[in-house]
Amino acid sequence: MQISLSSAQPQAWSGTVLALGIAEGDPNGWIPAMEERFSISLGDWLEQRKFQGKNGESASLQLLNPNCESLVLIGLGPLEALDVNSFRQAGAAAARASKNQTGSIGLLLPWNAVDPAEAVTVAAQAVRLALYSDQRFRSKPEPSIHPERLELLGPLPNTLSSALEAVHPICAGVELARELVAAPPNSVTPSALAESAAQMAHEHGLDLKVLERSDCEARGMGSFLSVCQGSDMDPKFIHLTYRPSGPATKRVVLVGKGLTFDSGGYNLKVGAAQIDMMKFDMGGSAAVLGAMRSIAELRPQGVEVHMLVASCENMINGSAVHPGDIVTASNGTTIEINNTDAEGRLTLADALVYASELEPDAIVDLATLTGACVIALGDEIAGLWTGDDSLANSLEGAAKDAGEGLWRMPMHQAYRKGLKSLLADLKNTGPRPGGSITAALFLKEFVRSSIPWAHIDIAGTVWSDKGRGMDPAGATGYGVRTLVSWVCAQTQQAEN
């Protein structure tokens with residue numbers, strides 16, 4: 001999609017869909033001007049539909065005018081209550097109203113109600129992401145009909161064009177994550193994830209190292225390798241690195257859970273466990289791969305970014321790990337596997353040990369880890385666990401800037417006793433109450449205490465059955481925008 005600024009006023013703009021933001025309490029807005037332009041009684045028409053400009057309201061009118069085929073009015077709510085997220089919602093509403101039409105969208109919102117650079121950027125992102133459609137696996141793909149151009153209208157300075165330069169890289173990263181999560185497990189395998197990383201490395205000049213099973217064995221990754229014992233698919237440990245063109249004063253590691261399919265193992269998923277949806281158990285890896293796709297194009301300076309994904313399947317055969325087996329992670333910790341369906345933390349354990357060996361300034365992992373987090377926070381908010389207040393604040397700020405829900409949860413150390421094993425150093429699961437907390441405490445065992453580390457559980461946010469806002473139904477690409485925002489903030493810190 002081509003995105004540009006236009007100084008044209010709505011009275012003179014020509015295109016396919018003209019979308020105007022109407023604030024609550026401002027009943028006239030652009031309505032008189034539109035009535036004059038199109039010779040219609042727009043006010044009466046809106047009154048019949050009881051349109052008041054409330055947040056979430058919208059009204060569309062087919063004009064059959066050669067210079068403007070459709071008029072879309074988007075309710076913004078009270079003008080004084082507008083925030084950056086209001087512009088995301090408005091952009092998504094404009095996109096939804098423009099589906100099945102070609103040509104261009106002209107979008108006019110009260111850009112100066114917030115930082116105009118932020119407003120135009122998030123609105124443009126929302127339009128593009130809301131128009132996303134995945135037709136890859138249909139024998140007869142439905143034509144994806146939508147406008148090819150977006151013009152942001154109003155008296156905006158041309159300097160804001162530079163703010164729009166980040167729209168494509170960020171959206172491309174989100175779209176990659178959506179594609180990876182949505183694809184079936186016979187398409188996205190551990191090898192396919194490694195191939196995706198290889199393609200990215202080739203196209204964007206990143207460094208790539210892929211550890212095969214023998215390499216992981218040599219490094220003592222018994223925790224990770226125990227998970228893939230029952231699969232015919234070879235595991236892949238993927239290490240992708242972005243290095244800035246100038247000196248790097250910060251190094252961060254992004255770790256993503258990469259279970260391309262999770263049967264639960266001998267603790268087989270049944271009933272509400274949604275075994276049919278366990279293709280999305282690699283949502284963490286999709287998020288970090290998508291973030292690296294964006295970072296590679298944005299080229300932030302001053303920060304070196306490492307991405308780690310320990311990818312495999314959790315399947316059942318005669319060689320699969322048993323409940324009760326004891327394995328040894330690469331830091332020497334012994335783990336009693338009392339639940340084979342708590343496998344993600346076993347793969348992350350060795351990934352976090354590896355991440356610590358890189359001696360970074362911070363480690364952030366993303367994982368579809370626990371159903372307990374979904375019960376606690378639902379499907380719009382991810383959980384954040386960290387013992388580092390500074391890291392928590394920076395991630396919460398990045399998530400807010402990105403428009404992604406994130407809520408800090410307690411690292412209640414007293415629950416650590418629930419991981420005690422009679423035979424090994426620890427068990428991989430604790431009691432059912434507080435399950436998302438004990439999962440985070442388990443992961444903490446594999447991170448050097450001197451390194452700031454955060455765990456983000458995206459089990460609820462990775463998928464949307466019905467769609468919401470700028471996320472059509474299906475994979476959301478959650479986490480990409482937050483990670484990119486956070487990494488770019490590291491650049492600013494490095495400059496200071």
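Numbers here mean position along the shown chain, with the first residue as 1.
Just so you know, glycine gets a Cβ as well, placed from its N, Cα and C.
As given in Swiss-Prot:
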BINDING   LYS257, ASP262, ASP281, GLU343  Mn(2+) 2 binding site
BINDING   ASP262, ASP341, GLU343  Mn(2+) 1 binding site
ACT_SITE  LYS269  active site
ACT_SITE  ARG345  active site
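Taking the centre of the Cβ atoms of ASP262, ASP341, GLU343 as the Mn(2+) 1 site, the nearby residues of that chain (Cβ within 8 Å, site residues left out) are VAL227, LEU259, SER263, GLY264, GLY265, ASN267, LYS269, MET278, ASP281, ASN314, THR340, ALA342, GLY344.
The Cβ neighbour count for LYS257 (Mn(2+) 2 binding site), using a 10 Å radius over every protein chain in view, is 30.
Using a 10 Å Cα-Cα cut-off around ARG345 (active site), the recorded positions LYS257, LYS269, ASP281 reduce to LYS257. Using CA atoms as reference points, the binding-site residues LYS257, ASP262, ASP281 were checked against ASP341 (Mn(2+) 1 binding site), and the closest is ASP262. Annotation note: ASP341 (Mn(2+) 1 binding site) sits in a coil segment as assigned by DSSP.
Counted within 10 Å of its Cβ, the other Cβ atoms near GLU343 (Mn(2+) 2 binding site) come to 28, all protein chains included. Following the DSSP three-state reduction, the secondary structure of ASP262 (Mn(2+) 2 binding site) is strand. In space, ASP262 is the closest of the binding-site residues LYS257, ASP262, ASP281 to LYS269 (active site), judged by Cα positions. Each of the active-site residues LYS269, ARG345 was scored by how many other Cβ atoms lie within 10 Å of its Cβ, and the smallest score goes to LYS269.
In the three-state DSSP reading, LYS269 (active site) counts as coil. Taking all protein chains in view, 27 other C-beta atoms sit within 10 angstroms of the C-beta of ASP262 (Mn(2+) 2 binding site).
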